[in-house]
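The structure under discussion appears below in the form of structure tokens.
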Amino acid sequence: MLFNYLKIAWRTLFRHKLSSFLYITGLSLALLSVIFIGIYVYHEKSFDSFLPELELIHRVNLDGKMGPEEFLSGNTPPPVGQALLDNFPEVKEYTRMYRNSPGFVSHIGDAEKKVFKETRLFTVDSNFVSFFDFPLLEGDGRTALKDRYSLVLTESTGKKYFGDESPIGKQLQLDEWTNPFVVSAVLKDLPSNSSIQFDILIPNESNPAVKRFEWSWVWLQMNTFVKLHLGATSSHSLKQLEDKMPSLVKTQAAEAFHRIGKPLDQFLEDGGRWNLSLQPMSEIHLGSKGIYSSHISHGNPTTVNAFFFTAIMILAMACINCMNLTTAYSLRRSKEIGVKKVLGTGKRQLIIQFLTESALSNTIAAILALAGISVLLPYFNKLTGKFLQMSGLFNASFIGVFFILIIFTTLFAGLYPAFYLSNFRSLSIIKRNANPKSIFSEHLTRNFLIVFQFVISAALILSSIVVFQQIKYAGEINMGFDKEHVLLINHVEKSGKDQKTITEELRKLPGVQSASLNTGVPGKNAFGDFYVPVNTWEESNLLKDLALASYMVDEEYLNTMGIELISGRNFSRNFNDSTSVLLNEKAARLIGWSNEEAIGNFIRYPGRGNQQFEVIGILKDFHVESIHTEIIPFALFHFTSQSYYPQQLYISIRLDKENIEQTMAGIEKLWLSLEPEVIYESSFVEEDIEAMYQSDKRSGITFWVFTLLAILIGGIGLFGLVTATIQQRVRELGVRKVLGASSLNLVQMLSGSYFKLIVIAFIIAIPLATWSIGFWLEQFAYRIDVHIGYFLTAFLIGIGFSVPFILIQTWKAATSNPVDALHMD
């Protein structure tokens with residue numbers, strides 16, 4: 001019996017070629033989109049699931065408040081892990097990681113010296129590998145980092161340096177260390193859905209920065225992870241554990257705060273906050289909104305949810321297409337159904353037959369979608385910046401979900417048409433070819449489904465326009481400095497010569513307007529700490545503490561970066577500026593100073609023996625980070641201040657607009673003549689700023705692609721629907737034409753109803769799209785206003801895509817010979 005149903009379904013598929021083609025094409029495109037989005041969403045939601053003890057591992061976060069500035073950080077002080085282990089029996093083990101600045105690693109082999117820049121080099125505790133139980137290829141994870149100069153690398157990193165030879169026992173030279181490191185273990189490459197990504201690990205024991213600040217409860221440069229005992233992972237147990245942490249911090253951190261000249265009791269009394277919290281490892285990737293971490297890149301749950309919602313909408317559109325196409329072409333099959341009913345075919349058999357036809361078409365569409373996935377996956381990876389693999393499609397979870405998806409689309413797209421077609425009146429159809437009886441009004445139901453489709457399309461179009469405009473706005477917003485034609489030389493700290501001398505030599509080159517030695521430019525990480533404002537007059541309502549991010553710079557920094565000084569003076573060689581500071585407007589405003597009042601006042605840095613810095617100038621606010629965050633209070637210190645130990649140095653160079661390539665070649669030549677042993681690496685500040693929005697751009701382009709696919713799917717359905725409707729009204733059109741109706745009149749009559757439905761759909765879509773896009777825009781501190789121009793543009797795009805699908809068929813019908821229509825049976 002089943003074979004007979006399949007045979008009839010196969011024949012029907014080829015008998016109605018146009019409707020079958022439209023049905024399968026639309027559904028295969030939808031399934032292609034849904035599978036791609038499904039792979040992406042699964043990848044994002046499955047982060048760290050490969051860890052054997054995932055449910056026991058938690059990251060320690062610090063909840064802080066300095067003055068009015070509140071923050072939540074995944075970076076924690078070095079002593080936190082040991083303090084938790086010593087005081088709370090719920091904690092079984094802890095480990096820490098510290099992101100080292102990018103550096104060069106070399107291996108001197110028999111033939112040549114191999115040198116590579118490593119940006120994912122971490123110093124970690126000796127138990128780091130065994131704590132997470134990362135899969136090993138060679139070595140012992142429990143002892144791999146016990147030796148001070150031992151080193152662990154990943155499989156691909158090992159091949160990069162040693163080829164197919166075993167790296168175990170071989171040496172690598174890190175440019176910041178005199179002693180070579182010996183490879184003690186090789187790990188399998190971490191999966192792309194790992195929150196922790198590294199290429200090389202070395203022990204914290206070998207890191208002088210970590211050892212220097214082991215005492216500090218305010219040096220927020222490490223990620224700390226704890227592993228809890230099995231019974232301590234429930235939400236209730238975690239809450240009880242976190243409730244005990246404030247008293248622990250008060251006890252453990254008091255000495256460190258006193259050491260930097262800021263008693264903890266006074267800090268808390270002044271409104272400060274310094275608390276710890278635990279975040280399950282499984283929630284880090286998508287549950288870290290508002291949490292800063294310099295070690296781990298967090299995902300964007302808003303983007304993931306937006307794509308998931310888009311997949312549901314595309315699938316719904318495709319299923320509606322299938323329903324509409326099947327019912328619209330029902331007139332062609334009315335006599336077939338009538339004859340079957342007269343010959344004794346029951347309603348149940350007809351329903352099974354129609355569901356079989358739907359299942360066959362859906363299966364073909366699914367096979368085509370999978371074939372498309374295998375071909376297009378590399379391009380999808382390039383589009384999204386992810387590393388998704390086909391192997392991920394062949395696990396039990398995906399196969400189960402895939403079959404459920406096929407069954408769902410079969411039932412969703414096939415049940416209503418099956419009941420609809422099985423309700424045909426047999427005798428009346430054979431005699432008069434009349435429209436069938438239906439439990440619903442065919443016309444109203446179809447119009448409702450068309451409107452629903454257009455609402456989805458309109459909402460996606462409008463959302464895509466807003467996303468595109470916001471990303472464009474991010475690239476064009478005034479950052480508060482001149483980012484164009486500024487070249488940045490990296491790794492200047494690795495120079496063995498006097499960096500000031502190198503900077504002076506660069507200033508002499510033709511094509512160079514100015515050059516500045518500094519610890520960072522907007523887009524690069526800044527040093528952060530807290531300071532105490534000090535007035536030269538008595539004032540009781542000043543801010544008690546202020547969290548400041550800062551760079552150390554020379555006298556040419558403002559000129560080179562195009563930052564505006566609005567009050568006071570710049571750093572100058574004519575003054576001793578070792579105790580001077582430049583603040584931005586935001587910092588002065590938070591303290592309680594006007595731009596003029598700030599000049600001559602002081603900020604005190606408890607971290608360096610209560611060193612005081614005189615405010616000599618106020619800078620116009622400028623963005624240091626992306627526009628996802630508000631402008632932060634910021635300071636510029638002079639290099640002679642030695643306010644902190646810089647890990648990275650840069651030379652920023654403003655170039656003339658003319659002959660840029662020639663100037664860049666001269667800069668590189670000079671660098672290599674002065675520093676032949678240090679690899680020359682440079683980039684443009686403008687490109688670095690654009691890189692901050694790379695993830696947003698990828699998401700925006702990907703969203704546009706799926707929106708276009710949704711529009712195409714809707715267009716295919718609309719084309720099929722218009723075709724079927726015209727075939728049902730072909731006699732009416734012939735009569736109207738014989739009675740004098742022009743082709744234009746007929747086109748207006750046929751297309752007018754569809755245009756009305758499009759208008760209704762856009763009216764409904766506007767509030768829905770505005771509401772949904774508002775959630776996406778909330779992730780930006782600075783965002784566009786959604787105005788009527790976007791709605792009009794979306795409407796015109798929707799009309800522009802719909803008109804061809806409607807007019808092609810209506811014009812063809814309107815210009816056909818009416819005699820042919822009237823001669824039809």
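Using N, Cα and C of the backbone, Cβ positions are placed for all residues, glycine too.
Annotation source TrEMBL lists domain 'MacB-like periplasmic core' at 20-233 (among others).
The transmembrane segment feature in TrEMBL is assigned to 21-42 (among others). Within the same chain, residues 304, 307-308, 310-311, 314-315, 317-318, 321-322, 325-326, 361-362, 364-366, 368-370, 372-373, 376, 380, 384, 386, 388, 392-393, 397-398, 401-402, 405, 409, 413, 706, 709-710, 712-713, 716-717, 719-720 sit at least 6 positions outside the transmembrane segment (21-42) and bring their C-beta atoms closer than 8 Å to a C-beta of that stretch.
According to TrEMBL, the transmembrane segment annotation covers 306-329 (among others). Within its own chain, the transmembrane segment (306-329) is flanked in space by residues 16, 19, 22-23, 26-27, 29-31, 33-34, 37-38, 40-41, 354, 358, 361, 409, 412-414, 416-417, 420-421, 442, 446, 449-450, 452-453, 456-457, 459-460, 463, 702-703, 706-707, 709-710, 713-714, 716-717, 720-721, 724-725, 728, 772, 776, which lie at least six positions past its ends and keep a Cβ under 8 Å from the stretch.
Taken from TrEMBL, the feature domain 'ABC3 transporter permease C-terminal' applies to 309-423 (among others).
Annotation source TrEMBL lists transmembrane segment at 350-377 (among others).
Summarising the annotation, TrEMBL assigns transmembrane segment to 397-422 (among others).
For 447-468 (among others), the entry in TrEMBL reads transmembrane segment.
Feature annotation from TrEMBL assigns domain 'MacB-like periplasmic core' to 545-669 (among others).
According to TrEMBL, the transmembrane segment annotation covers 701-726 (among others).
The domain 'ABC3 transporter permease C-terminal' annotation in TrEMBL covers 705-818 (among others).
Here TrEMBL flags 754-776 (among others) as transmembrane segment.
Sequence-distant contacts of the transmembrane segment (788-808) (same chain, at least 6 residues past either end, Cβ-Cβ under 8 Å): 454, 457-458, 461-462, 465-466, 469, 711, 714-716, 718-719, 722, 747, 750-751, 754-755, 758, 762, 766, 769. Per TrEMBL, the feature transmembrane segment maps to 788-808 (among others).
Mean pLDDT for the domain 'MacB-like periplasmic core' (545-669) in the predicted structure: 92. For the transmembrane segment (447-468), the neighbouring stretch richest in Cβ pairs under 8 Å, chosen from 350-377, 701-726, 754-776, is 754-776. Sequence-distant neighbours of the transmembrane segment (754-776) (same chain, 6+ residues past either end, Cβ-Cβ under 8 Å): 302-303, 306, 309, 447, 450-459, 462-463, 466-467, 718, 722, 786, 791, 794-795, 798-799, 802, 806.
Shown for the domain 'ABC3 transporter permease C-terminal' (705-818): DSSP residue counts in helix, strand and coil, namely 96 helix, 0 strand, 18 coil. DSSP labels the residues of the domain 'MacB-like periplasmic core' (545-669) in these numbers: 28 helix, 41 strand, 56 coil.
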